[in-house]
Amino acid sequence: MASNGVSGLDMEKKSGGGGGVEDIYGEDSATEDQLVTPWTVSVASGYTLLRDPHHNKGLAFTENERDAHYLRGLLPPAVLNQDLQEKRLMHNLRQYKVPLQRYMAMMDLQERNERLFYKLLIDNVEELLPVVYTPTVGEACQKYGSIFRRPQGLYISLKEKGKILEVLKNWPERSIQVIVVTDGERILGLGDLGCQGMGIPVGKLSLYTALGGLRPSACLPVTIDVGTNNEQLLKDEFYIGLKQRRATGQEYAELLHEFMCAVKQNYGERVLIQFEDFANHNAFELLAKYSKTHLVFNDDIQGTASVVLAGLIASLKLVGGSLAEHTFLFLGAGEAGTGIAELIALEISKQTKAPLEETRKKIWLVDSKGLIVHSRMESLQHFKKPWAHDHEPIRALLDAVKSIKPTVLIGSSGVGKTFTKEVVEAMTSFNKKPLILALSNPTSQSECTAEEAYTWSKGRAIFASGSPFDPVEYNGKLFVPGQANNAYIFPGFGLGLIMSGAIRVHDDMLLAASEALAAQVTQENYDKGLIYPPFCNIRKISAHIAANVAAKAYQLGLASRLPRPEHLVKYAESCMYSPVYRSYR
Ligand SMILES: NC(=O)C1=CN([C@@H]2O[C@H](COP(=O)(O)OP(=O)(O)OC[C@H]3O[C@@H](n4cnc5c(N)ncnc54)[C@H](OP(=O)(O)O)[C@@H]3O)[C@@H](O)[C@H]2O)C=CC1
Ligand SMILES: CC(=O)C(=O)O
Ligand SMILES: [Mg+2]
């Protein structure tokens with residue numbers, strides 16, 4: 001039995017609802033349900049224990065543990081503690097110069113020794129986030145067919161139609177609290193990567209654990225494979241997905257519906273389903289449809305909105321004025337662009353008591369056909385219609401910038417190098433401190449680089465980007481760009497939903513998350529030009545976000561876990577998974 005085990009957030013067990021058969025580690029108790037699944041809970045020891053990533057400690061097994069668990073001779077004699085293992089692995093990782101090699105080394109570690117993987121990620125978050133997340137995860141998805149070794153999540157394809165509930169039961173963990181699901185059609189700004197999009201749910205869920213403290217065993221990555229329209233992948237002999245064009249219409253909707261129903265039936269109604277990197281022609285509809293019946297959250301629409309709003313609230317300390325006094329221009333009017341626009345309008349509406357239709361008027365969007373204006377109304381997709389204001393048609397971003405004169409320019413187009421020198425110079429010509437956010441991922445798709453933003457604005461821009469950039473020295477001054485990425489929000493947001501037992505997501509929770517994140521920016525951060533706090537404090541930040549989200553859930557009557565804990569921040573912290581090894585008797 002584990003002697004020092006804190007197994008992270010497991011409300012069912014804490015509230016006495018779990019029970020069942022315990023394995024030797026006292027951690028992953030089997031529920032009655034498990035006893036009828038087609039596999040058994042193994043009480044691993046010896047060689048099997050070393051092959052079990054949830055319990056393996058490698059050279060950190062103590063002498064007593066080596067005796068008690070038949071490990072003698074299977075390990076070299078040295079005993080290393082976890083800190084030394086971490087030091088050794090970080091040293092090894094730094095030897096790899098190619099980012100994808102680092103990614104693969106981290107994935108190997110995750111499959112070999114889960115606690116050590118999370119200890120590395122938590123302790124070295126700023127260094128390792130670009131490895132397990134954007135930008136490297138983008139390249140990993142592009143090459144997933146070649147680097148695939150072992151399944152890291154569930155693949156649900158058209159072949160599984162009618163059997164999705166059975167497929168869910170094949171996953172070895174039962175107490176799932178968060179699912180991140182993609183259909184691979186819009187992976188970052190890299191387009192349709194089909195089944196190879198699996199790298200995204202896997203990466204997002206490792207952040208749920210490292211940044212938000214959810215137990216790894218409570219997280220389930222899922223890729224729905226309905227085919228791909230990526231010609232290159234269809235021709236690729238190593239492609240791991242269905243080699244057919246994407247199913248659409250009723251066939252698509254039925255598979256998604258079966259999945260959503262099966263999830264609820266198998267895991268209950270408080271499991272959080274995060275939609276990730278769906279194309280916008282499905283994303284808005286799925287969110288609208290299932291937000292009435294399930295606990296669903298679209299990270300690209302809602303998480304991105306919340307993180308950008310937080311940055312904007314924080315930036316007011318640097319650029320002055322209230323949100324309502326600013327003018328916003330977006331390049332890109334899809335999930336991210338319109339999601340952010342709507343949350344800004346909602347926040348201004350709450351602040352000023354003006355109706356949403358009014359507050360939307362200071363927010364302008366440009367799509368691939370130019371500025372969204374009233375004369376285009378007929379042909380616009382439904383999510384763009386609220387942004388069709390009265391203005392003459394404008395085709396080019398630069399002309400839109402010159403005409404609208406925004407104080408804030410936000411890139412959410414997925415197209416790199418679109419914030420040109422002329423665009424940044426125009427922003428600088430009528431703003432003392434232009435706020436420029438290049439949100440598109442990965443780095444290759446960023447609308448401009450940090451260096452370009454600072455150089456072209458002569459050091460006046462406040463800049464943040466979706467993928468990280470190194471600090472830039474300009475005219476003898478060091479500029480530190482922030483990372484405007486939904487990774488700040490979704491881990492804490494999810495924790496808040498789960499710890500309160502929320503049954504639905506509400507827009508006010510997104511605003512609550514933004515306020516919590518903005519409040520974490522310190523004077524020291526502002527002095528460096530940052531509008532986000534550094535990721536090295538992310539667990540504390542996530543606890544504050546979780547507390548604000550949970551408080552809102554209780555206030556709105558959407559929380560099912562009663563009574564409400566008195567100190568929500570402390571409670572959130574106490575729920576967080578610790579990667580520190582446990583001792584085995
Ligand atoms: N930093 C972060 O946290 C996040 C970043 N993102 C990034 O944002 C990007 C977009 O994602 P998302 O909104 O979901 O994608 P969508 O496909 O939903 O939207 C893309 C939008 O960009 C427009 N667009 C495409 N090319 C151009 C162009 N050359 N000029 C002007 N507009 C163009 C499209 O126009 P049209 O509608 O006419 O086709 C569309 O409106 C991706 O790179 C993604 O990685 C997304 C979520 C979070
Ligand atoms: C960050 C993210 O969710 C995206 O680029 O899609
Ligand atoms: Mg995404």
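Cβ from N, Cα, C; glycine included.
A quick note: this is a predicted structure, and the numbers were derived from the prediction, not measured.
Note on TrEMBL: of 1-25, 51-75, 226-250, the range annotated with the feature region 'Disordered' is 1-25.
Record check: TrEMBL places ARG186, ASN441 at the (S)-malate site, and the matching candidate among ASN124, ASN475, ASN485 is ASN485. Of the listed recorded positions, namely ARG186, LYS204, the sparsest CB environment within 10 A is found at ARG186. Summed and averaged per residue, pLDDT over the domain 'Malic enzyme N-terminal' (110-291) gives 97. Residues from the recorded positions list (ARG186, LYS204, ASN441) with a C-beta closer than 6 Å to any atom of ligand 2: ASN441. The recorded positions near ASP277 (divalent metal cation binding site), taking a 10 angstroms Cα-Cα threshold over the set TYR133, ARG186, LYS204, ASN441, ASN485, are ARG186. When the CA atoms are compared, the recorded positions lying within 10 A of LYS204 (active site, proton acceptor) are TYR133, GLU276, out of the candidates TYR133, GLU276, ASP300, ASN441. Here the binding-site residues are GLU276, ASP277, ASP300, and the one with the most other Cβ atoms within 10 Å of its Cβ is GLU276. Within 10 Å of the Cβ of ASN441 ((S)-malate binding site) there are 24 other Cβ atoms, across all protein chains.
With a CB cut-off of under 6 A applied against ligand 3, the recorded positions LYS204, ASP277, ASP300 are reduced to ASP277, ASP300.
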